[in-house]
Every structure is written in structure tokens, then in C-alpha cells.
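The structure appears right after this line, and notes come after that.
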Amino acid sequence: MILGDFVVTLVATFLWLVSTSAWAKALTDIKIATGHNIVQELLPCKKKEVLCYFGSVTSMGSLNVSVIFGFLNMILWGGNAWFVYKETSLHSPSNTSAPHSQGGIPPPAGI
């Protein structure tokens, strides 16, 4: 079951990476689409008799923070994957049947 946990953790880590990267790219596109250059591209503003100017854009600080937290969460899941990996048989195969000549400690007798 531990191997299943490891696979699920790896999948979740990968999905966090992909989704946070997609959100970061979308946020960059939103910033470009709502930037000051948008005024020059509007049809009414291309006319000579119309004067258009760019006022401001709402702060996107909270959106930037959401991208940062997304990547931090991905790092957290990656760390969790490391600890789950250490619990699997992939990291350290069980050595319960080691012979005494290889340094294995015999079980206590008479208990």
C-alpha cells in the first residue's frame, strides 16, 4: 500500500506543478491583455478626434501571491513524496532474513 501512496503523491506533485505553471502563464497573459497597451488597440481610440488615456489597473498582488503559494505547495508535495519514498521498499529493501554471518542480530531467546 505504501507504493500506492508514493504513486499518488507523485501524481499530485506533478499536477500541482502543471496547474500552477498554467495559472502563472494565464496570469501573465491577463497582465499583458489589461496593460496600458490595450488603449492603443481599441477601435474608438484609433480615431484622431478621440482622446483616450490609460487610467490604472486594479492591483494584481493577490494573484501573484496565489502563484507563489501554488509553487510552494508543489514543493511541499515534493518533500512529502520524498518521505513517502523513504517508506517504500524501493528505498531500502527489507533485510529481515539476514543470516547471522552478515551481522544480523538473532532474536532474543526465551521470550
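Every residue, even glycine, has its Cβ placed from backbone N, Cα and C.
Note: TrEMBL annotation is automatic and uncurated.
Over in TrEMBL, the protein carries these features:
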- 91-100: compositional bias 'Polar residues' (COMPBIAS)
- 1-89: domain 'MARVEL' (DOMAIN)
- 91-111: region 'Disordered' (REGION)
- 1-24: signal peptide (SIGNAL)
- 63-85: transmembrane segment (TRANSMEM)
Worksheet entry | Cβ contacts under 8 Å made by the transmembrane segment (63-85) with residues that lie 6+ beyond its boundaries | 2, 5-6, 9-10, 12-13, 16-17, 19-20, 23-24, 27, 30, 91
Worksheet entry | Chain residues outside the signal peptide (1-24) and at least six past its termini with a C-beta under 8 angstroms from it | 66-67, 70-71, 73-74, 77-78, 80-81, 84-85, 87-90
Item to complete: For the domain 'MARVEL' (1-89), give the DSSP counts of helix residues, strand residues and coil residues.
Response: 66 helix, 0 strand, 23 coil
Item to complete: Quick one: average pLDDT across the domain 'MARVEL' (1-89), no decimals.
Response: 89
